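Step one of this worksheet: look at the structure below.
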Amino acid sequence: MLFFYKRLLPFKQVFKWLSHSPKVTKDFTMREFAFEFRTGAYQRYNSYGSVDEFKQSVINANPTRFEVGAVYAVNPKERKNLPKTAMKPESKELVFDIDLTDYDDIRTCCQKTDICKKCWKFIRVGSKVMDAALRDDFGFKHMVWVFSGRRGAHCWISDPRVRQMNEVTRKSIIDYMDVLASKQSKLSSKKPLLVKRPLHPHVERSLEILSEEFVEIILNDQDPWFTAPDTASDAKSWTQIEELLSFLPDNKLQQELRSKWKSSSGISTSRDKWEDINVVAKSVLKSTAQANQLLDARKDIIIYYMYPRLDVEVSRQVIHLLKSPFCIHPGTGNVCVPFDPTQNISGNSQDDSYGFNPMTAPNLRILQKELDSWEQNSPSNDSDKKLADYERTSLKPYVEYFSKFVNDMITDELQGISKRAREEDLSF
Amino acid sequence: MFRQPKRRTAGRKNFDLPQIYHEQSYKSRLSMYDQPPLLEVTLEEFELWAIDRLKVLIEIESCVARTKTIKQTEAAIKPLLLKYLPLSPATASNQAIVDAERKKDYYSHFILRLVFCRNEELRKKFVKNESILFRIRYAQLQPKEQQEFVDSLNDKLSWTYISSEEKRAIVDKLYAATGAAIRTVLMADSPDTATMTNEQIKQRIATHENFIKLPFEKVPNLTSSRSVFIQAGYAYIPTTMQLSLLAVDFQENLSQMLIRTFQSLPRLEEDDRLLPLLNNLSQNFSSYQYDAAQYGEAKSDINAISITKPAITRHYPLCASHVQKNLVANSHLKYDARSQLSLFLKGIGLSVDEALKFWADQFTKGASGITMDTFNKNYRYNIRHDYGLEGGRINKRPWDCARILQMTTPRSSSGQYHGCPYKTFSADVLTHNLQELGITDQHEINGVIDQVANNEYTHACTRVFELTHKNELKGTKAEEEMHISHPNLYFDRSRQLERAATEKS
């Protein structure tokens, strides 16, 4: 762990990202950092005056991970000398957290903390949906997706407008995004539809994105409604099938399908069943109104199974702490690398279809090996080529991606500042 | 009939008017009430105007209690508004009347701010009712006046309307986001629009609706519910929703101002003319004040024995029957619940002697192992205290709902049963209790549960009263549909209805 902090973790980039400037600003010095130690101890309210102090402190403390909190009105480390009321959180990035454990009822490939390439696709499509909404609807520009190290992803949004938002506004964005908030009430109360019609443009667009991948992710990969008589997996499939049926509008249609599937003696995949719905519906549903209801129901099903499931608490609170990018996940040894949801940056062509492949993400052990082998293979006279250590490992593309993101953000930030300054000049 | 204003105050100024100050001109019939009034009014006007406005607000409150729609509420308060707070449209000839009316409206609003800024509950109520009044009045304005009103607020609101080109470009999305809401609003105005096709709604969006574009941060509610179209950080709000935007502004502004009023209220403390007036007014509104003496007669059937019998207990509101049930079951009650029940019983006409008998009977009869000695030592004082016979000798009044709702949450694990059951019960337990009261219709139960979910506990209780007294209430005057704000009111009305029913037959 220590070698990672000393040699690989790109403190400079993380610092610039949090400072919103190449220089030290209040956004960095008044920012809370928290350490978690191997013993389970948790140390809050650390703050640092410079990037070197920050790095040195992390190296000295050698925590299992460090978390990023809010920017306060006063210096967090001096909070004991100040009245409680002075510790007001002033700004923070808006964060979204998607966690695959929330998908356990629909995942058939893995459960709990396990993940694989198949279920990562939920995150991939989820991040697409979120990205579109955050950019197009809310007009945010500077957001970065970060692998959480095990089974989820975080999205950090750094636009100045976002950082200033109070909790009411944050909550309103979360509610806007959290289309499945009514998921629980839908299941208990059997409302006819999950989302109201006509579909809100955000839901409509999300549906388009999800529909493109529905066949691949749900019908092929997850195959939750797969049944083969007399196998162990049947029980879970049938609860899933009952849930699927509960979405359908017509009682008769539900019954017909149920008896058809119950009586089938062979293997029946989700894809077969999805097609069955249409086939049976043709004979059962008479009016176009009913057919439209079914169409709406099918849309609901797609949204229900694939729309990103958000952990809202993380996003709502300004003071909430979240693991910093480039930390190590203590359980897996994976580096929490930023990734690009639209394209693969690992350089490994096998990962192209995943955007980001959590199974081959940079890992502490691998990085150590890479560093060691580089040192053995390259003669010491190579030192004239001033390479940073991370550039000798598979961490390189991720740091570069992050650097580019941070630099773009800072360029905009500085433009914003000089623009404001100009406007102020004009007013005199 | 009319008392002359007191002359001695006429020549005295209590404050200096700023030199630059001129009497506000009331440009519109509606006001955001953002400038405090600065001119003098007589005490009589002060009181009269406040009472007149109060009458309107009380009617609104009672309409809300009966879950009337805004349209029904409007119909109910229209005659009151004409009588007490008329606001005529300005014409060339009636300038003086118009000014006087608007002045009364303006001043009465600010007087009531003083009255209702005292505590959280009053503030909430006031803000709610004033906002409804604001909505109703806004709806009564001519479209031209509405436009003028919005224009007059322009500096503060910074609304920009989108051009028709921009609107045309995104009309489909505007329809998808706000079509349903526009349809609802249209339907409320004229039911025949219910049959409008989607295309017609879209057409209407293209031709009639003016959309405002503003940063989505301004409308967190509309963002949360995904009820407006949002693009590039701007929310697009149609004309039909602008009222709610105004109302939100009005509401937020008023709640803030009430707190500021409250903070500066101590400056009034020295004024012995206003304070009693204000206190009196706030009590009038906050709740029905129960006065035992008023109901002294015809209570002869209330005694230690009868109050344990269904003939009496079936008139109990849920809070009282819940506490008494637990008293009977456990032969004991803790302090909070004891005070709550004891004062309620006092309110229904139980004399102190009968009360002592009742409590002693209950405490000593069973499992708790309390002897008559212990009762006399530990609890007798307490009961007598409630009747004003011990200690400070204050003749205590039965608690009203507001008082009961302020109590801490009872922990039944440690034997606490006080408080308002609508607030403290879980939905399941409440449903069970409602069924025991004879409310079996699932739809009706859900109605009550919904009100509870909105924290409208007294409304839920009122609803329960109406449901359990359906037969008796049939054919009685609308006046009977009073909002229940006091457990004893529940009891008395229930008994009155019963008496009326027996007299009839």
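Each Cβ is built from the backbone N, Cα and C atoms, and glycine gets one as well.
What TrEMBL records for B:313-491 is domain 'DNA primase large subunit C-terminal'.
Sequence-distant contacts of B:C461 ([4Fe-4S] cluster binding site), defined as residues of its own chain at least six apart whose C-beta falls under 8 angstroms from its C-beta, comprise B:P317, B:L318, B:C401, B:C420, B:Y422, B:I484, B:Y490. The annotation [4Fe-4S] cluster binding site is assigned in TrEMBL to B:C319, B:C401, B:C420, B:C461.
Just so you know, the Cβ of B:C319 ([4Fe-4S] cluster binding site) picks up 28 other Cβ atoms within 10 Å once every protein chain is counted. Here the Cβ of B:C401 ([4Fe-4S] cluster binding site) has 26 other Cβ atoms within 10 Å, regardless of which shown protein chain they belong to. Apart from B:C319, B:C401, B:C420, B:C461, the [4Fe-4S] cluster site neighbourhood in this chain, defined by C-beta within 8 angstroms of the site C-beta centre, holds B:P317, B:L318, B:I404, B:L405, B:P421, B:Y422, B:K423, B:Y457, B:T458, B:I484, B:P487. Mean pLDDT for the domain 'DNA primase large subunit C-terminal' (B:313-491) in the predicted structure: 85. According to DSSP, B:C420 ([4Fe-4S] cluster binding site) sits in a coil region rather than a helix or strand. Counting every protein chain shown, 26 other Cβ atoms lie within 10 Å of the Cβ of B:C420 ([4Fe-4S] cluster binding site).
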